[in-house]
Structures are given as C-alpha cells and as structure tokens.
Protein chains: 4
Amino acid sequence: MSGIKIVTIGGGSSYTPELVEGFIKRYDELPVRELWLVDVPAGEKKLQTVGALAKRMVEKAGVPIDIRLTLDRREALKAADFVTTQIRVGQLDARILDEKIPLKYGVIGQETNGPGGLFKGLRTIPVILEICRDMEELCPDAWLINFTNPAGMVTEAVLRYTNRRKVIGFCNVPIGMKMGVASILGVDQARVHITFAGLNHMVYGTDVYVDGENVTDQVIEKLCSEQSGITMQNILDLGWEKDFIKALGILPCPYHRYYYQTKTMLEHELEAAEKDGTRAEVVKKVEAELFKLYEDPELAIKPPQLEKRGGAYYSEAACNLIHSIYNDRRDIQPVNVRNNGAIASIPDDSAVEVNCVITKEGPIPLAVGDLPVAVRGLVQQIKSFERVAAEAAVKGDYHLALLAMTINPLVPSDGVAKQILDEMLEAHKDYLPQFAKVTT
Amino acid sequence: MSGIKIVTIGGGSSYTPELVEGFIKRYDELPVRELWLVDVPAGEKKLQTVGALAKRMVEKAGVPIDIRLTLDRREALKAADFVTTQIRVGQLDARILDEKIPLKYGVIGQETNGPGGLFKGLRTIPVILEICRDMEELCPDAWLINFTNPAGMVTEAVLRYTNRRKVIGFCNVPIGMKMGVASILGVDQARVHITFAGLNHMVYGTDVYVDGENVTDQVIEKLCSEQSGITMQNILDLGWEKDFIKALGILPCPYHRYYYQTKTMLEHELEAAEKDGTRAEVVKKVEAELFKLYEDPELAIKPPQLEKRGGAYYSEAACNLIHSIYNDRRDIQPVNVRNNGAIASIPDDSAVEVNCVITKEGPIPLAVGDLPVAVRGLVQQIKSFERVAAEAAVKGDYHLALLAMTINPLVPSDGVAKQILDEMLEAHKDYLPQFAKVTT
Amino acid sequence: MSGIKIVTIGGGSSYTPELVEGFIKRYDELPVRELWLVDVPAGEKKLQTVGALAKRMVEKAGVPIDIRLTLDRREALKAADFVTTQIRVGQLDARILDEKIPLKYGVIGQETNGPGGLFKGLRTIPVILEICRDMEELCPDAWLINFTNPAGMVTEAVLRYTNRRKVIGFCNVPIGMKMGVASILGVDQARVHITFAGLNHMVYGTDVYVDGENVTDQVIEKLCSEQSGITMQNILDLGWEKDFIKALGILPCPYHRYYYQTKTMLEHELEAAEKDGTRAEVVKKVEAELFKLYEDPELAIKPPQLEKRGGAYYSEAACNLIHSIYNDRRDIQPVNVRNNGAIASIPDDSAVEVNCVITKEGPIPLAVGDLPVAVRGLVQQIKSFERVAAEAAVKGDYHLALLAMTINPLVPSDGVAKQILDEMLEAHKDYLPQFAKVTT
Amino acid sequence: MSGIKIVTIGGGSSYTPELVEGFIKRYDELPVRELWLVDVPAGEKKLQTVGALAKRMVEKAGVPIDIRLTLDRREALKAADFVTTQIRVGQLDARILDEKIPLKYGVIGQETNGPGGLFKGLRTIPVILEICRDMEELCPDAWLINFTNPAGMVTEAVLRYTNRRKVIGFCNVPIGMKMGVASILGVDQARVHITFAGLNHMVYGTDVYVDGENVTDQVIEKLCSEQSGITMQNILDLGWEKDFIKALGILPCPYHRYYYQTKTMLEHELEAAEKDGTRAEVVKKVEAELFKLYEDPELAIKPPQLEKRGGAYYSEAACNLIHSIYNDRRDIQPVNVRNNGAIASIPDDSAVEVNCVITKEGPIPLAVGDLPVAVRGLVQQIKSFERVAAEAAVKGDYHLALLAMTINPLVPSDGVAKQILDEMLEAHKDYLPQFAKVTT
C-alpha cells in the first residue's frame, strides 16, 4: 500500500493538532496515508475532541490523510511505519502529585530528571516496554519515536530491556536553544549550528557556529550580559550568574538551572506553587482552555494559543524527524539514541542526546569525543540516576527506587529520599502494579 | 651512608609524636638514620616543642635516630629517601575560615571535598608543587608521601602539573573503615580484607572478605541494624538510613555522609558551630591541650590523648607504608596513586584511592574494573571538582575557581558559589598570591 | 577578495587535469578565483606542461579561474583557502625502489601500508610538516587536504606532531568500493550507502544499504559468487576465497588482499615485476604517455586516458570534498580525520578513515562503535605501524624505523626487516636527511 | 573434613610426578588430604603407571596424602577444593597432526597460538566447558586451574561461555623468563621482579626490576649482546636480531619468535621435522622414556629427566599458586584471568596474562595501563584469533573456524587457510563432534 502509516499513542494529547499541521504542511514529500490516534479509555473524550479537529484540519487542507481514532492499540499498530508515543500515565493529576509531594519535603519535583521524573519513569516505562513488545509482533520494522518524558530514561529502558534498536527519544529543548541563540545573535536560525551533547534535559551546546565560524565565546559573552533568551516557556528566565557562565564556557540548557541554581529554583517553585499552583496545575488550566477551543466545530487549523504550551515545536520537530528518515535527508538533528562511542565517558550501550545525521537507516550519532571535565560529573550523575531508575521500573524493586531517589542531585538526604519515595509509591500505587508487593 | 633519611615537612604538627613512635617501633626493620622535622617560621615554637619531645622519645627508646629540626626546607631535602608532607598553609585559623564562611551561606565547609577543601587546595597546591621542584633538584629518587588534605586534589595536582611519579597520597579513612568492619564482625582486623575503590574521602568498600570469604552482604546487614561503628571521630555517627545502605549494597566511607545526608549534616554543623565552634575550633583547643602535654619535660612517649584527634593512625599507617616500600613487603594498602586503568570510568592519568600492592618500586594499583553504576556519578563529580580546582590553584584563575565551587555537590547555586568564593578569596588573600591580580 | 584561492602542491602531477576539470564543472557553486600549481625544481617541466593544459581548459570552458604556476611554495600559500598536497618526494624513481628492494627479499613492497609505504612516509612526512609550519604562518585558517600516500600515516603525523586541526586525508578507495557495490547490485550509486570504518587502505564496509535497507548479506553473497568487481585498477582482481568472505561478513577493501592473501599477492608481484616491471614502472610508462598527450596544444579537456590511472576519481572526489566544506553541504563522505571516539578501539587522537558529515566547520566523524572482533587485530597492527613509522620519520630514529618495519604484517622476520631497512635507507638517503647521522 | 581435596584431570600425564612432589614438599603448609588423578579410558595405562609412582612417592615421603585413581570424573569432582586440568584430547597423536598438516602447506603448526593451537582449542574447549558444568553441580566453590593449552583461548572460553569466575589459566613461560633474566644478570631469582603483561604465549616483560631498581635497559642490552638464555627448551634459541630487541625496548617471550621471526622459525621447523620429526614426535619419544622410568617399582621420587620436558616447572609453579590461594599469601604471580581493566586496550571481559596478587579470594590483576604502541597490534591480533576460535569451538561453526584460521598471523592467505582447515577438520573429526554436520 502506498503512503505512510503513522500511529500516535496518546493521540488525545493537546499537542496533536501541531502534529497534524506538520503532516499537512509536508504532505507532498511525506505522504501520510493514515494517521491513527490511539488513547486509553480515560482519555477517550479528549481523543474524540482532538480527533474531530484533526479531521476538520485535513479536510480544510485538502490532503487525503485518513484520520483514525481508536482505543485498541494493537489494532492500530498493525503494519505501522512510524509509532510516536506521547502518553501520560495517570494523566495530569499524576504529574501534580509528582511536583507537589517533593515540594512538601522542600525538594523540587522536576518531572523529568528529578524525584517527579523518577515516578513518571516508574509509571511510564512498563507501558512503553509493552508497546515495544506489541511492535515486535505487529510492526517490527517501524520506528518508535518517543516524546514521552522522561525521554532519556525511557530511551535508556528501551535500549537496555528490549531488543528494539529502531527507537528515538525526542525533545524540543535543543530546538529552543538554537532559536534562542539565533535570536541573541540576530541571525537566521538556518545559519546557526550547535554541537549538542549530553543527556535529555541535561544537554550542552559545546560549540556554536554561524556560517561555519565558531562563535561560542561571543554567545557566552552575550549570555552573560543580558537576560539569556535561551529558555523554555515552562522554566523561569532567572538569569545565570554571569561569571559562572563564563567559567563554564559552554551553553547550558534551561533544565541545567535545576542543578546549578537549585536553591533559587526551589524558592521560586515554592512561591509559584503557593500563588498559581505547580506547573502541572497551570498546564491543566491551559489544557482545559485549549480543549475548549478544540471543541469549536468551526476551528479547522492549529490554534495559535497552542504555542504557549511548554512543548512548543515538539510535534513540528517530530514531523521533521520523520520526514528526514523517510526521505533520507541526512540533515543533523539532536536526538536521544544509543551512544555507540559518540560521548567518551558514557557507556556505548546507554542513551545520549547528541547531534545525529538522520538517514533512512536511522540517526547516526556524530562523535564528539569527551565532554568538558567540569560537566562530566553532573552528566554521569543523571545517567546513573536514569539507569538505576529504569532498572527499578522494570523490576519493581523498592531498594533500587530508593537508590535512584537518593542519588538524584536534587534530593538532599537519604532520609528525605525515603520519605518522598514512600509517600509517592502510595499516592501512585494504581499506576505502579510492579511495586504492588511492596506498597501493600 | 647506611640507614634511611626521612624528611617531614610540617614537622611541628601535633601528629609527629605518632610518627616518631612508629619509626621507633619498626627500627629493626626500618633503620631510620635521620628524621628531619621542617616547619615554617610561624610554626617554629610548635616545632621546638614537638622536636624536643621527639628527642626524648628516641633517647628513652634507645634507638639511634637522629632528630633534626630546621626551618630550611632545602637543607633538609638533600639526599632524602622519603619526604612526608603534613602542612597546613595558614594554620588552623585558615581552616576555621574554611568552615565558617560557607556556613554563613548555609553551606557545609568540609575542609577536603567541599568549599573549604577548595580553599585548602588553593593554598596548599602551590606549596606542594614547590616542594616537588625542590625534590627534583635535591632528592629526585625520594618518595613523596603526602598526608596533607585535600589529599586527592593534591595528588591529582602533582600527577598533572609535575613530572614526579614517586608520589603517594595517604589517608586514614580506609584504615578506620577496616577497623570498624572488624569490630562490627567481631573478628581480628588481620582477617578482614576490603576492596577499596574511589577517590580520597570518597572511597567505597565494594567487597568485604573475612578469611577469603565474601561477607559483604552480612556487613551491610549489620550496618543497617545498628549504629555503624564505621566512622571517624571527627564525623558524627548519625547513622545511615537503613534501606539506603541496603540499596547501595556497598560500604560508603564516613565522608559520604556529607553527600548522601547533606541536609542532616548541615543542620548538625550549624548547631555544633553555635555550641562548640566549628570542628577547626574544637581541634584548635585539642591541639593546645596536646601541646601543653608535649611541653612536659618528663614526657618521653606519645601521649594516649593523641588518639582522640581525628587523624588517629595516620602516622602509624604512614610508617607502615614506608616500611612496605623500603622492605618490598608487597602487602595490600589503599593509597592515592595514578589510576592507570584500575578504575574504569576515571581517566588513566588521574589520582584515585584504591588498593595497591606496595613494592619497592612503589604502589601498583589492583584492577577493580568499574564502580557500581549508582556511585559513578558522585565519584565523577568529585573528580571533576578536584581537577578543575587543581587547575585553578596552579593558574590562579578566578573563573576556574568559581567553576570548581559551583560544581561541588555541596554548593546549592551559582550565586551562592560566587558569594562564598569572593568572601573566601578576600579572607585568605595572604596565602593566595596566585590570585593577587583578582582580589586586589 | 571574493572567490576561493586554492593551492595545489605537487601541481605538476598527471592528476591535475582532473582537478581542473572538477573545479570547472562546479564553478557556479564553487567559485575558484585562483588555482596555484606549485612544484619543486625537479618537477618544473611537468608543471609547465600541466599548467599550460590547465590554462587551455579554463579558457575553453570560459570560467575566470586564474591558473598560477610557481616553484615558490611560500608565495603560493599566502591567504590560501584550501591547500591540496599530491607530492611525490623522490618522484616515481623512488617508488620503483620502494617496490623493488623489498621484492629482492621476497617481501611485497606495498607503497602505502607495507615496507615501501614506510619509506614513502619517511620521505614525505617531514615535507608535509614543513608545509604545515608554512601554513600556520601564511594561511592559518586554510584547510589542508592531503592526497599524498601513505595518507593515513601522513594524517597521523600531522595530528600528532603539529597543532593543525584543519587537516583531512583523502583517498579514492571507498569511492571505488561504492562504485563496485553499485555495479554488483545493478543499482545507481546514489542509492547505495556504505558504513566505512577503519584506516586508510585498511577500511571496511561494515554495512551496505540500498535506499535505507541493509543489504550487506546480499552483497557478501554476490562477492562470493563471482569476480568481485570491487577492486582498484592497480590491484589484481584475484578473487577472494568465497568461504572467507562469508566468514568475514563485511566488505574488505582491495588493499586487504595484501594481508589476507599475502602469499598469492607476492607470487603475482614477483611474476609481474619480471614481466612488466613493478607497478611503479608501469605507472611511469602510463605517465609518460599522458604527458605526451598533455603537450598537445590542441588538447583543452581532461583526456579520457587519465581514468585508467590508479587514482581515478581522486581529484574529482577531492573537488567534491572542497565543495561540501565551502557550501556546508553536510553530505556523508569517508575521509581520514582525528578519531574522536568514532571507532572504539582506536585512540581518540589517532587518524582513522571513517564516514563523516562534511560541514563548513570541517568533517565530523560518525560514531561507529567498535569494529568486528575478527578485524580489530589487523587494524590495530597497521595503526601501530603508522604511529611508530610517523615517530621514526619525525625523529630520524633508526631503531623506530626498524621497529615499524618488523611489526609490519608483510615482513616475515626481524632479520629480513633489518636487511630491507638498511638497503632502503642507503638507496633513499638523499631524501632522508633526518637519518643522515645513521646512514653515513 | 580437614585437609584439601585436589582433582587432577588428565592425571595420567607425565607431568604428574612433579605435581606430587610439589604437594609433598609443601605438605606442612598445604595439607592435601586427597589427590584424585582422573583420566579417560584411552589413558588408563598411563594413569595406572603414574598413579603407582605417586603412591610410592607419598609413602616414601611419609605424608598422608591419599592418592586416588579413577576414570569417573564426576565421582572425583565431588566436593573438590581445587581442580587442575592437564588434558590432551586426542593424545599426542593429535598434536602430531596439529603440527604436520600445516607444515605440508608451508605453515608453522604452533600448538598454542597457531593453526595447530586452533585445532587443539576446537578439541579441548568443549571438554573443559563440560568440566565446568560438572563443577557447578559437584564443587561450585572449587577453583579451576587450567594448564591445558591453548591456555589463553581456554580461559577466554570459560569466561565467555560459562558463569564460572573461579578459573585461572596457568603457564610456565613467565617463570622461565624470570629464571632466564636472573641468570643473565647473575642474581638470585628472588631479587628479580618483572612486570608481565599480554596474553598467554604472547606475554611481554615490560619492566624488569632487581631489588626495586628498574634494570630493563640493562637486560635489553644483555639480550642483544649474547645468546639470550631466555627461552624454553622446546623453542630453539635462535637469537634475536640485536637491533630489533633494542628497538622493541621490552622483553619478548620465547613464543614471540614465531611472530617476529616467522620465516626463520618455519625454515627450522621444516628442517627439524625432516630430521627428528615434529616437536610432538620428539615429545612422544621423551614421554615413552619417562614412562619406562616411571614403571620402575624402585622409583619413588620425581626422576630428574622430567625437567628436560618443555613444561618444566609447570606443576611446581601450579602448586605454588594453590599454596598462595589456600594460605592467602598475596604474592605476585603472572596468570591468565579476566582482564578487568588491567590492560587498557583489551576488553574487560577477556582473558589476559598479567601479574596478579594471589589472595584467598583469587588472583587480583595489577593495573598496567596500556601496552607499548608497537606491540598492541600483535597482541590484539592474537586476542581476536582466540575469541573467534573460542566461538567456533563452542558453536561448531565452519565459517568462524575459517575466519580464525585466516586471521592468524602465521597463515599467509585465505586459500591456504581453507586447505589447512579442511584437511584438519577431516583428520581430527573423531574429536570434533560439534563440526559433524560440516565434515560429513
């Protein structure tokens, strides 16, 4: 059958209209025949709303993409070419707990590389591994493109606990950094090239080029002298300590603030939680508003309000990734893949976020040698956290979960780790069947 | 000339009587001909007191060790066989600042791997490198045995910034851990063998054997069930979170509490500083009392009160190390040396603390493969800190010093790092000539 | 000044017309302003002949490339953008000796990775390093693109003994392999993608893709069943042992025959040397004929006879490389660069031949992980040979040269190595001033 | 039960009396309760002869070692403390073929790292793995000490294809080198310490110390100036090319002659085979004479003639190894173990021959960093050969066997490799059941 079959698991997400828009825009080069939006019963209403909007969008655009809505994942996966995952096990309410419980103990929740991220991983990894098992059976040659956070930990788990090699973890942080740098320098994005290396939400821009010329020092200088501009909408632009950025000499990502400015970020989160609720609560409101818009039967385009959401450009960039694989475009994109020697101090078989050439055979990581000495420790610490957490998720092992929690750089002691862990295991127990033996 | 010439730089230290006792006890196998005690003018009074006691000790013991006191380091170094360094640049008053200034900002000082250790390193490394230069000229074949903290950072600096390969960093932490384990298990120390691997004050016991049988799990079990007993007198026996130790599965060292129990340790230090003064202030009192004892012309042995000092067994163990080198005893001792592949994730040319066979050619590290995943991050973080700090010390580079301070796991933000750094650079400026251009 | 300045050292080479043709064809995208052809006095006549042809070619093509001929290398290098080196120290007569002397001792000469290559390296490396020194002064930002064999050893020497990082070693072997595979499969070259990894003239195609699908096994099967077709015109198509290729499971390069079929290749070379002279003697005749053609004042294109020469597509491909750098084309080309972790068992700072993305910042190697176990030994052996040989070339050290000769896999004993070495040092002494102290 | 139970598989070997002598001499410290000599039916007669001699030896010595003879391996293994293996699958007649068949094709047989060694490995590895399986069941805590050649390949196979970690490969080559060096220097062996590193029969002495002083250069000088003295009785003392040894700068082992002097060794082997038969044929005669001696009912000691056999000191040294493990002596002995990072360019999980501290927990390898550049290639080539050969042995895979044969440095071409392989597979087919599907 000609044309591409795409399956989006978590299709009821508020991001989906951007994905649909991306496929519409690229239709000539990337002929999507079917786009299956899959969700769980708890998300059915959203799925119907988003699905209806998607159908209106393709109709208005006049492209023959067949939008299919289903709760039957296995049915959808049959003979898929690309599977994207943007799931949220436990919905936004679970994320609220991921953020709130740690805050009670004076600890940042951080839903990706922090204590919250540990729990998001514990809930998500078993489901993703199940999807991998289904794919082995139903569409073994398809690519799995995962947007679900914690994307680094999830990619690590897939690489380590399944035989699937066609997996790519995807994140919009590097795209945001590139846009920020372009804007700081006042040049067009297309002229900017950044050497990205590190882990998901722990990625550095080690060199910045404009038209092939290395301008890293210039960018560092600019970063020091003004509000950085390189940030995500969901992380406060607190500004870096000028001399620290100069000392670092490379570009941190917005999430680095949690680690290099822990105290300030914590203070801010506590204040914000008091005032507006946690980030998840804010997102929940934004989402409710978005869905209200989506329900409008007159709406047949992606509403511009979607861009305010933290994940802006996520789906756009994901379309671009699929486009490059399908058409063997061989452009350079930073994604999460098996390291394979690209970063020296990370094991070959671990996931890293690194510039890759995107070919029809998949992403091939560019060798970056070693990271600067000063950042190797933090990167290794997050990698250790991800590996122990992934193992805990797969085995449902209480002690591994405690170990992951304690070695997380945001957690200030073994005692606090245990308190947070115990409360969160209890709070999330419906989504953590693998820990059932422990929590009862 | 027959017999061994030993030079002890910082000879006026309160530890020296233990060293003298060690040489007396081993005289038959380790014939020390001359023991030169060297100090700086500021330490001359202590040097005279300790030197007089040393002379009474050898006389009483009836061994022909010639005790020589001098302020002329170069004179002392000529044709030395072993040089030990136990210096304290800026004396205890500097250490008081190392501990107090960070505490003002809510940060543990930690005079070895913390912000205090950074400043101890910045003051100490240039002096040690000067000693190395003198040694190249005056006693190129001598062994440099450094007890001066931060011993890991100092060894790193010697390996990286001099051509000296005959250098050993020495610490009593592993000895204390071994004693503690023996006592927990109720067996004689000689039957216990621990695989030590890591960095100075960041060393783990990865396997514990009694009579060749692996009893690690048993020791972990005991550690979880009672007050550990494996601690140093200068670190509170706060007890570990039982489930965390079980999760870790290997033996942490007492200094690990600063990193795995940061919050608790900080609270305790703040409280203790309020009540008894910082650890340095307590030590200062203990030292004053010791020197009062030393001045007693009737005293001709090491007074038993010395053992209460944190560095107990330091000098005893150092004598043992010299004994093993001199007599090619080939026993296994944990010391700080060039890694050379012994620990997989640390570069070959960095210093590690690891079990070595002590031969006449020097210590040869035993290959341990890689550290457990869960601890690689923290170890790498301290190694990154040590490397950046050593480079800052050598170059007098403000930004490198700030970088070292910020990446230290005890420091909660770049802003706080800068505040502590700036205040400490000013407070210690007399001992940091290499930073003169910055601090004026 | 707009337009590109290119300097070709060894400009009197018979390959130059292909280079000129390449620049003419690409003029619209790659606007070469000046092409300087540089040669040594011994090559002046050839330079004039080739230069005159080049001028006729650009004139006929109607492109404003200014062809400049000179014996003054430093004059030419000023403000160059790209410097290509295709020199032959000692001309073809030296190569004849490189091949003939080893054969006298029953050893294949092999002018790149064999005993002949050792001597080519000893003669060439000092000259290339001199060019690098000139470039630092006269055109520090220019790219050095070296075609001169032994290209791997030369790149290793530049990386290890100069500060130049803008160096690329270039070879047409991978291009030939790709053409061969395309022809075996009967598909267009553009659809074929091969993962190249190894060293110069010791490169493997570890995976072959057509349209993104892995067809390695299919290619292996074809290679086993017929005359391979993947060969160079200057290496006999002897055919591989079918079961060996199957066992190997990856694509060897034509030069691998010297190592996997040493006996057969030696027998053939002896026979051929008897009949037609060595390869160098054959090439000399071919060159004489080419120069006769070049002298024809009516000739204003690259004569088709040039393609029969072993280096076919060399210059064409080099133009392509320059094109990709200049225009930031980011296509994948296999070149010789600093490894930087791309191949696991080769040190980061050694040269490897590996697929790279060619960007305006230069080639970035694609991470390939480790080579298959079965080939690591041979690859490491040639890398050891290259490193020891490069050091011998730089230091003029007799024992290092002997060591390189003895560890070369083609040389059957230390005694034979010494005989060949001594005779060759004497034969080439005019071009080996660094060994003067030894050979006199 | 007090006392040690030792099981010697291949107990009918002519070496056994040395082993018995070793246990007798050490009885006070190493109280062997039972020594089980196990053999296969084809070796029963030898077993009876050797066993009777062993019984006379212990009786004469007056030590209560119970000598037990059996053909029932499983019976013997029950509750063993140490299992030594000195088997010869196919007896000496198979070794004769290992040497003769390659020679027919102008290739050295070399029964350990050459084509002969490949076949010895193919026959031996399945039997050793079977012994490992029996040990898991019958004596899981016992040490397996393997003397059977190819000892490196066998150790690799055990490490890679079983879960057994208590395995040590043992060889007398380093002992011979040490004796040779002591004799060259005219000092007592006990004063000599050599840093051994490499693989079995491919080991180098990278540094030589006398009384802790590095005398490597002096030894190299001596080696160059006279007949080396560092050789094994079964390898001709052909003498090294003086300048080559100087160039190498480290101590090769006697087996290195096969690789650095391939031509000379081959010529000699051809000549010797003509005159006295291959080495195996000579050994067969020597063994026949030894067994004649052993049959003498008056003989109750190890006959001095045994020392002329190539494996002199093998059993003596093995007793020493067992002694050191049993008594936790912590002396340094070079043995074959899991690398674990000791040699940088060899994977952690491969077998290497390297200095180890011998403790009750087993041998712990000393970290040696990396081998000199010049030898890494050859070492890696033999390691690749060992790994591919071990995999071929386990899987009975014809193509892997051909790959191993072709990449062996002694084999001059893929075609010759196939001829030798095919003839040897046929010749040994009774001992290669795993290849049955192929050879019929």
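A Cβ is built for glycine as well, from the same backbone N, Cα and C atoms used for every other residue.
Listed in TrEMBL:
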| type | residues | note |
| --- | --- | --- |
| BINDING | B:Arg95, B:Asn149 | substrate binding site |
| SITE | B:Glu111 | site 'Increases basicity of active site Tyr' |
| BINDING | B:Cys171, B:His201 | Mn(2+) binding site |
| DOMAIN | B:196-411 | domain 'Glycosyl hydrolase family 4 C-terminal' |
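Set side by side, the binding-site residues B:Arg95, B:His201 differ in how many other CB atoms lie within 10 angstroms of their CB, and the most is found at B:His201. Cβ contacts within 10 Å of B:Cys171 (Mn(2+) binding site), excluding its own Cβ and spanning all protein chains shown: 27. Separating the Cα atoms of B:Asn149 (substrate binding site) and B:Glu111 (site 'Increases basicity of active site Tyr') is a whole-number distance of 8 Å.
A straight line from the CA of B:His201 (Mn(2+) binding site) to the CA of B:Glu111 (site 'Increases basicity of active site Tyr') spans 11 Å. Following the DSSP three-state reduction, the secondary structure of B:Cys171 (Mn(2+) binding site) is coil. B:Glu111 (site 'Increases basicity of active site Tyr') falls within neither a helix nor a strand when secondary structure is assigned with DSSP, and so counts as coil. Distance noted between the C-alpha atoms of B:Arg95 (substrate binding site) and B:Glu111 (site 'Increases basicity of active site Tyr') is 7 Å.
The average pLDDT computed for the domain 'Glycosyl hydrolase family 4 C-terminal' (B:196-411) is 90.
The separation of B:Glu111 (site 'Increases basicity of active site Tyr') from B:Cys171 (Mn(2+) binding site), Cα to Cα, is 14 Å. In the three-state DSSP reading, B:His201 (Mn(2+) binding site) counts as coil.
The Cβ of B:Glu111 (site 'Increases basicity of active site Tyr') has B:Arg95, B:Asp98, B:Glu99, B:Gly117, B:Lys120, B:Asn149, B:Pro150, B:Arg279, B:Ala280 as same-chain neighbours under 8 Å, each 6 or more residues away in sequence.
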